[in-house]
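What TrEMBL says about this protein:
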type	residues	note
DISULFID	Cys63-Cys69	disulfide bond
DISULFID	Cys67-Cys76	disulfide bond
DISULFID	Cys321-Cys354	disulfide bond
DOMAIN	62-94	domain 'LRRNT'
SIGNAL	1-16	signal peptide
Amino acid sequence: MWPLWLLASLLALSQALPFEQRGFWDFTLDDGPFMMNDEEASGADTSGILDPDSVTPTYSAMCPFGCHCHLRVVQCSDLGLKSVPKEISPDTTLLDLQNNDISELRKDDFKGLQHLYALVLVNNKISKIHEKAFSPLRKLQKLYISKNHLVEIPPNLPSSLVELRIHDNRIRKVPKGVFSGLRNMNCIEMGGNPLENSGFEPGAFDGLKLNYLRISEAKLTGIPKDLPETLNELHLDHNKIQAIELEDLLRYSKLYRLGLGHNQIRMIENGSLSFLPTLRELHLDNNKLARVPSGLPDLKLLQVVYLHSNNITKVGVNDFCPVGFGVKRAYYNGISLFNNPVPYWEVQPATFRCVTDRLAIQFGNYKK
């Protein structure tokens, strides 16, 4: 029964998250040291290797009432808890407290949990966190505190933190210094908060070397200009962005995936995309573009372009592919143009000469 219960509970947790996290739960079924394999989100590195001392099971008999404990995993979800339970074994590496009624994290709630690697607090009622609540968690790398009532980023986050998911809270401001000292952090998910461009203080992300950042379902009207230059993935979907100006993407030259779907973008200034030489995926679906953005043929590594559900009425023969041969290093394997008022029968076949095959192109299904 244990494997079936464990699989069901982990599947439930993964469905509550906004993007897939591969390899995250492997350590719950393995007694040996391991390395994280966060291909999609976190960009795993050597910081994902646990200290062998931290994964040596002690098989402690300690387990909070009503919880399920197996090896170093303590699962206390869906119990109606009002506070963090006591008597948690000090060798615990994963503590799951999601789907409870916890409203406050107190100073000594995590006392003694120096080996804790992942803390799941999703879908509680947390609105208050003591400034020293996370102090004992010297090896914490994953903090999931989404779907709570937080109005600010928690103070004094552990310096060991690699991934923070804090989406669907009530955060309106990201002050300077809130991420100070988090040199290992490479993934932040903070969508679903009522954040406006003015809510990011200058220098709010100073010192961070993020690979992945998502600020979706917020109130952004433009691309923030002070995000980490190290970003490989930036997702700003479901905002109110209306245009991309020439220097909006200047500092994000390392991006390989840019998500701008479900905005109100009408204009992308010529030359804006030239600052993204390593871009592989561009999501511009569900906007108000009247034409294919200029500069796509010059992006030598671009393979996927989402342009469906816009107002595009014409597709030129050189909108996607460069003139001549041997210029583009990677062929397209996905171009979506469906749900646009473009007469697809008028598009010349040579328009897609640098596409892997015709099945990679999606047209049609336009309704006024």
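Heads up, the Cβ atoms here are built off N, Cα and C, so glycines get one too.
What TrEMBL annotates, mapped onto the structure for a quick look.
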| residue | record | Cβ neighbours (10 Å) |
| --- | --- | --- |
| Cys63 | disulfide bond | 18 |
| Cys67 | disulfide bond | 19 |
| Cys69 | disulfide bond | 18 |
| Cys76 | disulfide bond | 23 |
| Cys321 | disulfide bond | 19 |
| Cys354 | disulfide bond | 17 |
Please spell out the DSSP helix, strand and coil residue counts for the domain 'LRRNT' (62-94).
0 helix, 7 strand, 26 coil
Can you give me the average pLDDT across the domain 'LRRNT' (62-94), rounded to a whole number?
94
What disulfide-bonded residues in the list Cys76, Cys321, Cys354 lie within 10 angstroms of Cys69 (disulfide bond), counting C-alpha atoms?
Cys76
Cys63 (disulfide bond) and Cys354 (disulfide bond), Cα-Cα, nearest whole angstrom:
59
